[in-house]
């Protein structure tokens, strides 16, 4: 009777893993599906430690059996992208670099932390010595004027003028009878929705912001449940422009339905969003 090779048995036990090839993750409520080799691509990382265990039952799972990680689900997409090819690609005007650095530190990705730190250091160093490249010796009056201008600019940029996005959304509808534009009956905008960071929304709209659907939201958290106490889009646009925001994108969707079965009257409804950004 032939005996199995002990070396081959040991190798087979080392290669075996209690985890499947395809892993489903629930990160802070956001679901991600990836391959096990992706999660093991950075040895020593927190994900590598989690998925090289011999007992998969020791990891937390949600009600549907997905592995649960209690971290920022939206920022995890950049963590997972980095683990796929060890490159950092962020969208333009990315305002959460500091928070992403914190996530990279938690997941024990030192090379990703290094990619995030220089950007922050460069921004801080620019404010430390703004006049180091001045080739001429300025007059005392010009130097004083420059100092006052720099102080005013720094004050304006730091006091309530942080970068960020605000999205304005509204639903509109009108009834159109028998393909005649003169028969169109427009309905008023029922509600203007506000999505974005709580602190920015309160800064721009102040007392005209209705927070009843999402009260006591912390300033640094995001919400999509605020709406305005007025129903004029132009008024919202004026407030955003006064606060230094400019529109960077917009989109709209529409549907059509018959208002009455015995008539040709049709109701058109649409939902439109305007995205504003301030640097």
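Including glycine, each Cβ sits where the backbone N, Cα and C put it.
Looking at the stretches 58-90, 91-123, 124-156, 157-189, the one that TrEMBL records under the feature region 'Disordered' is 124-156.
The DSSP breakdown of the domain 'BTB' (21-124) into helical (H, G, I), extended (E, B) and coil residues amounts to 47 helix, 16 strand, 41 coil.
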